[in-house]
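Lifted from Swiss-Prot, the feature list:
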ACT_SITE  GLU15  active site, proton donor/acceptor
Amino acid sequence: MKVSQNGLNLIKEFEGCRLTAYKPVPWEQMYTIGWGHYGVTAGTTWTQAQADSQLEIDINNKYAPMVDAYVKGKANQNEFDALVSLAYNCGNVFVADGWAPFSHAYCASMIPKYRNAGGQVLQGLVRRRQAELNLFNKPVSSNSNQNNQTGGMIKMYLIIGLDNSGKAKHWYVSDGVSVRHVRTIRMLENYQNKWAKLNLPVDTMFIAEIEAEFGRKIDMASGEVK
């Protein structure tokens, strides 16, 4: 079974794409490029089309077979796509963590558990797991145009960005997928007051954590998201 466009879109929503080779951590031997493709050399550059094509190849050659081996033909397309996204992010948890045989109820109970990194719960992982669960639970016969990742509702929230000393430095607004710098007090008032009926929650994160969760670089001085 192959991942659908909905599955690819879900993965792209939570994975950053970089068209120049980089090392996420300095001790890795090879470089990473595109949508997290590992194994290229320093100085490699790709086009967006190359990155998109390689993502599909990587998923269907490596991660989709993991899910196929687990579900044994019992999953529908949305269930399959959600589990592929989980595998792409967390690896072959079905084998590594000894998952019980596939059933909808069992998998729905397991997906939200993968929200920790470094011994801490990360809100970015919480949001990704919820997006996967929403898709997993969505009937394949649905013709709704609602957003698959949010059940049709864009869930906005504000983020207080802290510098390395823990001091509030900048404000951001996010829908759980992308992040935007709140540049002026007027913009902040718009989010807090004029949109008060949305009852936006407020999260507090170090700016380095924001960069890690959304795969973006932030200028510490200006707060701009690059």
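Using the three backbone atoms N, Cα and C, a Cβ is placed for every residue, glycine included.
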Cβ neighbour count (within 10 Å, all chains shown) around GLU15 (active site, proton donor/acceptor): 16
DSSP three-state assignment for GLU15 (active site, proton donor/acceptor): coil
